[in-house]
Amino acid sequence: MAHVLGQNQYGKAENRIVRVYRDSTRHEIKDLNVSVALSGDLDDVHLTGSNANCLPTDTTKNTVFAFAKEYGIESAEQFGITLAKHFVDNNEPIHRARIRIEEYTWDRIKTPDNSARFIGSEEVGHSFVRNGGETRTSEIVYDGESVQVISGLKDLVVMNSTNSEFWGYIKDKYTTLQEAYDRILATQVTARWKYGFTGKDDEAQPNWNRSYTHVRRHLLEAFAETYSYSLQQTLHSMGTRVLNNRSEVDEVRLELPNKHHFLVDLEPFGLKNDNEVYYAADRMYGLIEGTVHREGVVPVIPVA
Ligand SMILES: O=c1[nH]c(=O)c2[nH]c(=O)[nH]c2[nH]1
């Protein structure tokens, strides 16, 4: 029986790259994890042993580092678009490039010391502390015609200590969950959002960094401002709020683990637990996932 070579792609994964800008005493850094995946006319590479159509993964790695110097890293998205176009437009057998980037952010260290190395407002120009919060993500795909950009974030941990209820659900003989009229709602947000941008006809790129800042803000504001009857409802308001406020985005996908906080029984100690002491369980957890998109837009963000 004949076998068929199915979907395949290759490239150097997880190129960890730090780009420092030393243009003044106030240095800037970009800290990225870049993964390249190329596909195209690669049957012979797999089937015959001919590498004539193979751009080595080593070269893709070198290109990532060289481009950081040649073009700089204004944003992960812009960097990814430049790389993806380079691989496809300059290598005939390569028909599609997918660049995935994680970005780690660093904050400036402040110190009251006022010696010459310091640059005012107590900031040290060259000292950074890695931001312990979320990771920014992006995925850029170019197929020789159009660009698709999906940006996102992961590990953004949020909590509401009130304004969350959960009741009125299906009950059967296995139900033990008590209805909650004032519970903690906490989650670790993974969000991905797709831009309408296609890169065709010299279309101007959105301001990726600005867009990220605002999408993140709208996600947080929707979480904080929604009086929630379920995490599903909160998910919907988060997605809707991004679409209502950011015209450059046309689809939002959210994965929200319900980080359960269980009231601890303090009765054995003769104490009343008045919604004040919780056990924060890290697993198992409810996992609430959903896409919100503009009417008429065909959703493309893959379900993880
Ligand atoms: O917001 C929630 N949605 C659910 O579907 C669910 N299920 C559950 O046990 N607790 C919760 N909370």
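Cβ coordinates are placed from backbone N, Cα and C, and glycine is handled just like the others.
Summary of the site annotation: TrEMBL records 5-hydroxyisourate binding at Thr57, Phe166, Arg183, Gln232. Screening the candidates Asn33, Asn90, Asn207, Asn258 against this entry identifies Asn258 as the one listed for that site. Only Asp58, of the recorded positions Asp58, Phe166, Asn258, His260, have a C-alpha within 10 angstroms of the C-alpha of Lys12 (active site, charge relay system). Of the residues the record lists as binding 5-hydroxyisourate, namely Thr57, Phe166, Arg183, Gln232, Asn258, the two whose Cα atoms sit farthest apart are 50 Å from each other. Residue pair Asp58 (urate binding site) / Asn258 (O2 binding site) shows a Cα separation of 41 Å. Screening the recorded positions Lys12, Asp58, Phe166, Arg183 for a C-beta under 6 A from any atom of ligand 1 leaves Phe166. Spatially close to His260 (active site, charge relay system) yet at least six residues away along the chain are Ala280, Ala281, Tyr285, Gly286, judged by Cβ distances under 8 angstroms.
Put simply, Asn258 (O2 binding site) is 39 Å from Thr57 (active site, charge relay system) when counted between their Cα atoms.
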